[in-house]
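Here is what Swiss-Prot says about this protein:
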- 1-15: signal peptide (SIGNAL)
- Q16: pyrrolidone carboxylic acid (MOD_RES)
- C21-C71: disulfide bond (DISULFID)
- 21-71: domain 'BPTI/Kunitz inhibitor 1' (DOMAIN)
- C30-C54: disulfide bond (DISULFID)
- C46-C67: disulfide bond (DISULFID)
- C89-C139: disulfide bond (DISULFID)
- 89-139: domain 'BPTI/Kunitz inhibitor 2' (DOMAIN)
- C98-C122: disulfide bond (DISULFID)
- C114-C135: disulfide bond (DISULFID)
Amino acid sequence: MKYLILLAVLGTAFAQRNGFCRLPADEGICKALIPRFYFNTETGKCTMFSYGGCGGNENNFETIEDCQKACGAPERVSDFEGADFKTGCEPAADSGSCAGQLERWFYNVRSGECETFVYGGCGGNDNNYESEEECELVCKNM
C-alpha cells in the first residue's frame, strides 16, 4: 500500500511539473519576433517558433537545451530537426529574413568545422544550431 501511495505522489508531481509541455505554442499578444522553442507533442520534439515578447504560456524556452531538459531530449542524433546531412549540414550559413542579431552555429563543409554566424531570428535554413555542441552532434556524427 505504501508503494502505491509513493507511486501516486511521484506521478502527480511529475505530471504537474511537466504539464506545460502539453500546451500548444503561443506567440503571445505582442508583435516582436523572438525565436523560442516549445515542445511539440505531435512530433515529440522541441521546435522553434516566433514569440511576440509578452503573454503566451509556459511551453516557451529560450534554448532547445532548456526545452529538452524540461520536456524530453531526443534519444538519437537523427531525432534533431534538420538532422539529415544534406539539409542540416551542407547549406551555407543563412542569416534569414529578420533583423535580429543572434549568434548561431553552422557546419562549414569546406573546413569540416562548426562555425559561428549571425542569425536574424526567422527564415534561414536547417544548418542553424544553438550551440557548437549541437552542431557537432548532428553534423560530425554523420
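Positions of Cβ are set from backbone N, Cα and C atoms, glycine also.
Here the features listed in Swiss-Prot are painted onto the structure.
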residue : record         : contacts (Cβ under 8 Å, 6+ apart)
C21     : disulfide bond : F39, T41, N59, A70, C71, G72
C54     : disulfide bond : G28, I29, C30
C67     : disulfide bond : F37, Y38, F39, C46, F61
C98     : disulfide bond : L33, G120, G121, C122, G123
C114    : disulfide bond : W105, F106, Y107, N108, Y129, E132, C135, E136, C139, K140
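The Cβ neighbour count for C30 (disulfide bond), using a 10 Å radius over every protein chain in view, is 12.
Residue environment of C139 (disulfide bond) contains 26 other Cβ atoms, counted within 10 Å of its Cβ in all protein chains. According to DSSP, C98 (disulfide bond) is assigned to coil rather than to any helix or strand. The DSSP breakdown of the domain 'BPTI/Kunitz inhibitor 1' (21-71), given as helix, strand and coil counts, is 10 helix, 15 strand, 26 coil.
Fewest Cβ neighbours within 10 Å among the disulfide-bonded residues C46, C89, C122, C135: that distinction goes to C122.
When DSSP labels each residue, the domain 'BPTI/Kunitz inhibitor 2' (89-139) comes out as 8 helix, 15 strand, 28 coil, counted as helix, strand and coil in that order. Here the Cβ of C71 (disulfide bond) has 21 other Cβ atoms within 10 Å, regardless of which shown protein chain they belong to. For the domain 'BPTI/Kunitz inhibitor 1' (21-71), the model gives a mean pLDDT of 90.
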